[in-house]
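Peer 1: Annotated active site, tele-phosphohistidine intermediate per TrEMBL: His88, in sequence order. Residues annotated as substrate binding site in TrEMBL: 87-94, 100-101, Arg137, 191-194, Lys202, 218-219. What TrEMBL records for 58-68 is compositional bias 'Polar residues'. The feature compositional bias 'Basic and acidic residues' is assigned by TrEMBL to 70-80. If you look up TrEMBL, you'll see 58-80 marked as region 'Disordered'.
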Amino acid sequence: MTAAAATAHHAIVSTRSTRLWNAKNSRFDKNVCLVSVGSCCPGNRKLGLLCASGSQSSVTEPVQQPSNGKGDHSPKKSKESSLILIRHGESMWNEKNLFTGCVDVPLTPKGVQEAIEAGSRIRNLPIDVIYTSSMVRAQMTAMLAMMQHRRKKVPIIMHNESEQAHSWSKIYSEDTKKLSIPVITAWQLNERMYGELQGLNKQETADQFGKEQVHEWRRSYGIPPPNGESLEMCAERAVSYFNDQVVPQLTSGKHVMVAAHANSLRSIIMHLDRLTSQEVISLELSTGIPMLYIFKEGKFVRRGSPVGPSEASVYAYTKNLAQYRQKLDSMVQ
Ligand SMILES: O=C(O)[C@H](O)COP(=O)(O)O
């Protein structure tokens with residue numbers, strides 16, 4: 001691991017443990033130990049790789065093509081699927097340390113690099129459908145990351161905002177469709193609305209209102225910034241969307257990537273890992289770091305962040321991932 005990768009890897013901070021989500025029973029039913037790289041310590045609050053060994057399952061074809069991303073799923077041999085969550089790369093307002101929220105700003109050159117680096121980490125992982133927020137920084141991140149993917153499918157933004165937009169963007173070749181990945185954009189995955197903090201400098205705001213107050217606005221679950229959304233309010237739309245749209249894709253065996261934002265993803269991770277409103281306070285997501293979950297039999301198992309494209313343990317997570325990787329290796333590139 002390079003020093004930069006190690007820093008980035010350790011920059012994701014989570015809480016002590018997570019549990020397996022049982023969608024059927026709508027509950028979490030088993031604790032899972034999260035460890036930092038190279039150790040397995042329940043007291044360690046850094047998020048890294050799981051110490052559990054990979055599960056076994058039957059082979060899933062790596063190439064799966066949803067027709068419209070909203071249903072119409074072809075039957076699969078195995079229902080195991082993977083979920084990649086990624087916060088966008090550094091934006092031009094991250095760089096300036098400004099509260100951004102729902103202001104739609106693009107990536108910096110560093111953010112572009114982070115997205116490309118993220119893409120190289122996940123370049124051997126299966127991805128059938130991509131969800132992004134409606135904001136350009138998340139969309140840029142998803143697109144740049146996909147440029148690195150070894151399968152070389154083309155990510156294509158679905159335009160379903162009107163019947164005309166839908167019909168005018170129709171693809172008339174089945175072969176070409178098979179070589180594309182639908183990208184579904186959803187405002188529900190947008191960054192939490194930061195209210196009257198949007199555009200303000202974070203340090204100056206802390207100087208003015210006090211560090212504790214600003215930390216409460218930024219990290220608490222229930223307290224909204226002035227005229228903005230609390231994490232709880234953000235969760236209401238982001239987690240509902242995730243459950244309504246993303247989970248059915250995973251259930252049908254599709255491999256999904258979600259490119260979104262610090263707080264929309266914090267709310268989703270809080271839900272997946274069943275963090276309490278106290279625990280979520282210390283959940284920090286770095287820009288441009290992908291995180292992998294395996295979804296199987298209605299349960300989410302967090303597998304950490306792939307450090308590099310060839311990291312052996314990522315592909316040992318499950319037999320399916322290993323086989324997908326092998327298929328990529330055997331394909332003429
Ligand atoms: O919207 C913003 O300003 C950032 O993307 C996230 O901000 P935070 O670190 O205060 O949650």
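The backbone N, Cα and C atoms fix where each Cβ goes, glycine too.
Curation plays no part in TrEMBL annotations; they are all automatic predictions.
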Peer 1: Once the DSSP letters are reduced so that anything not helix or strand counts as coil, what is Trp93 (substrate binding site)?
Peer 2: helix
Peer 1: Please report the Cα separation of Lys202 (substrate binding site) and the residue listed as 'active site, tele-phosphohistidine intermediate' in Å, rounded to an integer.
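Peer 2: The separation of the Cα atoms works out to 19 Å.
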Peer 1: Ranked by the number of other Cβ atoms within 10 Å of their own Cβ, which of the recorded positions His88, Arg192 ranks first?
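Peer 2: Its Cβ has the most other Cβ atoms within 10 Å: His88.
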Peer 1: When you measure from each Cβ to the nearest atom of ligand 1, which of the recorded positions Arg87, His88, Arg192 fall under 6 angstroms?
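Peer 2: Near the molecule: none at all.
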Peer 1: Taking 10 A as the limit, how many CB atoms besides its own sit near the CB of Gly101 (substrate binding site)?
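Peer 2: Result for Gly101 (substrate binding site): 23 other Cβ atoms within 10 Å.
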Peer 1: Is it possible to get the count of other C-beta atoms within 10 angstroms of the C-beta of Arg87 (substrate binding site)?
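Peer 2: So the Cβ neighbour count for Arg87 (substrate binding site) comes to 28.
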Peer 1: Can you tell me how many other Cβ atoms are located within 10 Å of the Cβ belonging to Glu90 (substrate binding site)?
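Peer 2: Its Cβ shell of radius 10 Å holds 22 other Cβ atoms.
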Peer 1: Taking DSSP three-state, what's Lys202 (substrate binding site) in: helix, strand or coil?
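Peer 2: Note: Lys202 (substrate binding site) is helical by DSSP.
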Peer 1: Trp93 (substrate binding site) has how many other Cβ neighbours within 10 Å of its own Cβ?
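Peer 2: Step by step: centre on the Cβ of Trp93 (substrate binding site), count other Cβ atoms within 10 Å, giving 20.
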Peer 1: State the Cα to Cα distance, in Å, between Gly101 (substrate binding site) and His88 (active site, tele-phosphohistidine intermediate), rounded to an integer.
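Peer 2: Taking the Cα atoms only, Gly101 (substrate binding site) lies 13 Å from His88 (active site, tele-phosphohistidine intermediate).
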Peer 1: Using all protein chains in view, find how many other C-beta atoms are within 10 Å of the C-beta of Lys202 (substrate binding site).
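Peer 2: The answer is 17 other Cβ atoms.
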